[in-house]
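S.K.: Mind looking over this structure? Questions follow.
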Amino acid sequence: MNKDTIFSAPIEKLGDFTFDESVAEVFPDMIQRSVPGYSNIITAIGMLAQRFVTEGSQVYDLGCSRGAGILSIRRNLQTNQVKIIGVDNSQPMVERCRSHINAYHSDVPVEILCDDIRHIEIKNASMVVLNFTLQFLPRADRLELLTKIYHGLNPNGILVLSEKFTFTNQAMSELLIDLHHTFKRANGYSELEVSQKRTALENVMLTDSIETHKDRLKQAGFSQIELWFQCFNFGSMIAVK
């Protein structure tokens, strides 16, 4: 696993964070050291797939990055009569995802598309995964995407939505942010790396509160919604049709 050192030296003109070649190369290390509970979420996605994915249906991973979620799903399927569709708008991510998926033999077909997830038709879906993806879309586009997902899910289909959260209580918000930064420092990131990455992300990662997510999911059509995992200001929700 290549180590993330992208923000280890001072960057004079710090642009917005993008999922470019340099990020794709170190992404597994970056996300493990940056997102508390990421491995637990990936493991649980497989458990949910085991329970919810049905024969003859499709599974979508929207914002699939290098394919960790897809592999977890595929390992846990009860049938190979399923198609998994992974979508990411980063060509470097897609190339590595295809290579990663192809390194493991399976009879379950997987299609990896380089596209904007807003352009993808969702149909005959038993499971849709949005793993730290929605927060990178413009807020104005989020309800439309979730509504499309709801309509594309079969009855008893599941959406897994993992996000970084904001909190309305200022003291709690500051505490959880500080704990997250402590987590990153404990994983070897310097103060400079934490600061520069935060600055690079502030215009492209627009986070919402848990309440906002729940309200939006209800507007999209879901009625069974629950936060099933949280670690500091990161977490994951499930919504069942």
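Glycine is treated like the rest: Cβ placed from N, Cα and C.
When I checked Swiss-Prot for this same protein, it listed these features:
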- Tyr38, Gly63, Cys64, Ser65, Asp88, Asn89, Asp116, Ile117, Asn131, Arg198: S-adenosyl-L-methionine binding site (BINDING)
S.K.: So if I measure Cβ to Cβ from Tyr38 (S-adenosyl-L-methionine binding site) and keep only same-chain residues at least 6 apart in sequence, which ones fall under 8 Å?
M.R.: Ile31, Gln32
S.K.: For a quick check of understanding: among the binding-site residues Asp88, Asp116, which residue's Cβ has the most other Cβ atoms within 10 Å?
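M.R.: Buried the deepest by this measure is Asp88.
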S.K.: What three-state secondary structure does DSSP assign to Asn131 (S-adenosyl-L-methionine binding site)?
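M.R.: Strand, per DSSP.
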S.K.: My understanding is the cutoff is Cβ-Cβ under 8 Å with a sequence separation of 6 or more in the same chain; which residues meet that for Asn131 (S-adenosyl-L-methionine binding site)?
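M.R.: Result: Ile41, Ile42, Ile45, Asp61, Gly63, Ser65, Gly69, Val160, Ser162, Ser236.
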